């Protein structure tokens, strides 16, 4: 892990790896390149951020690095991620900086994301969907307990750690929309199809993550978006409808859990901890795991 601060216009970088701890005044231009070599492969790009692969020099291990416009302190994403440690949240490796950029280094999972797998197999067996959602909800319960809201739960942000005959292991990623409960909870964040009604109103709490997870769960079981429309206005109208129509092909246990996760009033909506417990105890008992 690592942290950065600026004192008298000098860049001080504290780097913590798995074997040693060191604090040093470093040349701003070579802070990242001392520890990593940057790949030419660009995974994604936006006006203020570039995501690329990099290799740790000491171990030859591959990581993902988010390269963003620099400021005098780490991004909120970096501040949040360096305090998270959970088996189903992507690992934070460190943050580095030079005169113009920050480098947020994260675990690299080469197996793709949940949406890619869903597109390949159309829909998940209930037991597999239950296993995946238990992992997601466990991670969300951990975040909420630490005062963190993810605010953009969707299949693309759930990365695959392992896929096989014993099931699917996954990790939540992409905390660039995350915030702290009670602080940055104004304005809309995330992806429209997965947004809770209160998110659209601009004031909300951690229960927006539960709504999003409920929409993801429905998508895993049916292979379909729950809220669709010909344009943004139609999608918004469906999200704000009084009743949420669920596919009759879903088991009673699954329907019951999704309905609890999609309660329109967030005060009536189930918590991540409660939903995780129900996933473990009630849902997905009879189907077989994903066989691929």
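Backbone N, Cα and C atoms are what each Cβ position is placed from, and that goes for glycine too.
The structure displayed is predicted, hence computed values, not measured ones.
Among the candidates 145, 174, the residue that TrEMBL annotates alongside 156, 157 as binding ATP is 174. Note on the recorded positions 152, 156, 174: the fewest other CB atoms within 10 A surround the CB of 156.
The record gives 156, 157, 174 for ATP. Within 8 Å of the mean position of their Cβ atoms, the other Cβ atoms in that chain belong to 113, 152, 154, 155, 158, 159, 173. Its Cβ taken as reference, residue 157 (ATP binding site) is surrounded by 25 other Cβ atoms within 10 Å in the chains shown. Spacing of residue 154 (SUMO2 cross-link) relative to residue 174 (ATP binding site) is 10 Å (Cα to Cα, whole number). Across the residues the record lists as binding ATP (156, 157, 174), the two Cα atoms farthest apart are 9 Å from each other.
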